[in-house]
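To start, the structure under review is shown below, and the notes come after it.
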Amino acid sequence: MATKIPDAPKIGMVSLGCPKNLVDSERILTKLRSDGYQMSADYAGADVVLVNTCGFLDSAKEESLEAIGEAMAENGRVIVTGCMGDEADVIRAKFPQVLAITGAHQYEQVVNAVHDASPPIPNAFVDLVPEGGLKLTPRHYSYLKISEGCNHRCSFCIIPSIRGDLVSRRIDAVLREAEKLVAAGTKELLVISQDTSAYGVDTRHDPRMWKGREVRAHMTDMARELGQLRTAEGKAPWVRLHYVYPYPHVDQVIPLMAEGLLTPYLDIPFQHASPSVLKAMKRPANEAKVLSRIAKWRDICPDIAIRSSFVVGFPGETEADFQYLLDWLDEAQLDRVGAFRFEPVEGAAANDLPGAVPEEVKEERYQRIMEKTAAISAAKLQAKVGRVLPVILDEVGEADEDDGSIGATARSQADAPEIDGNVFLRDVGEGRKAGDMFDVLIEDADDHDLYGVPA
Ligand code: SF4
């Protein structure tokens, strides 16, 4: 039976007040978009309307109450956030039907309230962020979405029929959003889209002025500009590229990684290696020379971590195809691999392909690919023991009752949040917080994670 994809809930947004409030609105929307929500341009089409209020002056309060009143009248399902959210009783007295009220800069609470009012539809076939995406993005990393839709027609995928063809955002809008996110405390930007290397193809790479220079809507130009951003502490934020297809111009971003402008990490969803399966999948940029290009990338930037995902049991996949994939993985030595058993999605062309693979064969191949990739990962991580690596801190634990040591969970540049491994720290000392970036001595490793102490 094919999996049916329901429609994503739609969110309307009214943002009042100062630029700081606008950054908040954008953060909330970025998070909601990455959770699979769609935006509605009008009240009528929205499942929920968010009103981000300002309460700085009485006139601003009045304007906020007016905006809430309008949203209530036009839609009726309203969540209030922002500065005026601190005066919940004033709002409740006037609009008892409001679904939820949260205060200024409480991104997590607002997003939770939206999840409660109109639950997102987590879907492995459509969502760009992993299913754990319901977890909240801490302030120190943010998803930066650069386009919607996709021009490809991979046979297992229904995204083009749901989201349409590629529509790229203007480069100056993307860079402004990135700049604001970094100004608001983001230390790590995760660039996402359905096909990041195709960014700007639909707009002929429409150039715009940015900081006095012309910048094209193109992955390499964008990467170079993102690399110039600086956090409040004057550090370069980590910038990760996700969903990159190995078009020739990808070669041009590798030197930026070697120069430290981009995080040495590439997420390339190869999906398979066997030419006949890739052909049946109709994958873009499917070419034979990928292995030699990966080798070249590693020559230029030895620390580059390559993450990918693969589908096993695709219709028509023979044992020989699968063995080809395992041999290819031996050669490619990818750092991080996710594997999935093929599953038909309602409306996907692949469902009609001949040669369905029996469930038990899928399962057996899945186990074999997991074993192979865990062994490769373990060896790669073992080679990092003894090195000093930069990390970003995600979560600080409680002090140990016996010796007072404070454990923490961090990530290296090779680990994207939510999908890759962690660096577990046995004692970070006092005063560290999520988002801190520092060097760590790696003391141990297992199949997927590293262990260490601040250097
Ligand atoms: S590249 Fe293929 S898998 Fe990715 S969104 Fe486009 S059609 Fe779907």
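Note: Cβ is positioned from N, Cα and C throughout, glycine not excepted.
What TrEMBL says about this one:
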- Cys18, Cys54, Cys83: [4Fe-4S] cluster 1 binding site (BINDING)
- Cys150, Cys154, Cys157: [4Fe-4S] cluster 2 binding site (BINDING)
- 9-119: domain 'MTTase N-terminal' (DOMAIN)
- 136-379: domain 'Radical SAM core' (DOMAIN)
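If you take every residue in the domain 'MTTase N-terminal' (9-119) and average the pLDDT, you get 84. Separation of the C-alpha atoms of Cys154 ([4Fe-4S] cluster 2 binding site) and Cys54 ([4Fe-4S] cluster 1 binding site): 46 Å, rounded to the nearest whole number.
Other than the site residues Cys150, Cys154, Cys157, same-chain residues with C-beta atoms no more than 8 angstroms from the centre of those residues' C-beta atoms, the [4Fe-4S] cluster 2 site, are His152, Arg153, Phe156, Ile158, Ile159, Pro160, Gln194. All chains included, 23 other C-beta atoms sit within 10 angstroms of the C-beta of Cys157 ([4Fe-4S] cluster 2 binding site). Straight-line distance linking the Cα atoms of Cys83 ([4Fe-4S] cluster 1 binding site) and Cys150 ([4Fe-4S] cluster 2 binding site), rounded to a whole number, equals 38 Å. Shown for the domain 'MTTase N-terminal' (9-119): DSSP residue counts in helix, strand and coil, namely 56 helix, 21 strand, 34 coil. Taking CA atoms as the reference points, Cys54 ([4Fe-4S] cluster 1 binding site) and Cys150 ([4Fe-4S] cluster 2 binding site) are 37 Å apart. Close to Cys150 ([4Fe-4S] cluster 2 binding site) in the fold, though at least 6 residues off in sequence, lie Cys157, Ile159, Pro160, Arg163, Asp165, Leu166, Gln194, Asp195, Ala198, each with a CB less than 8 Å from its CB.
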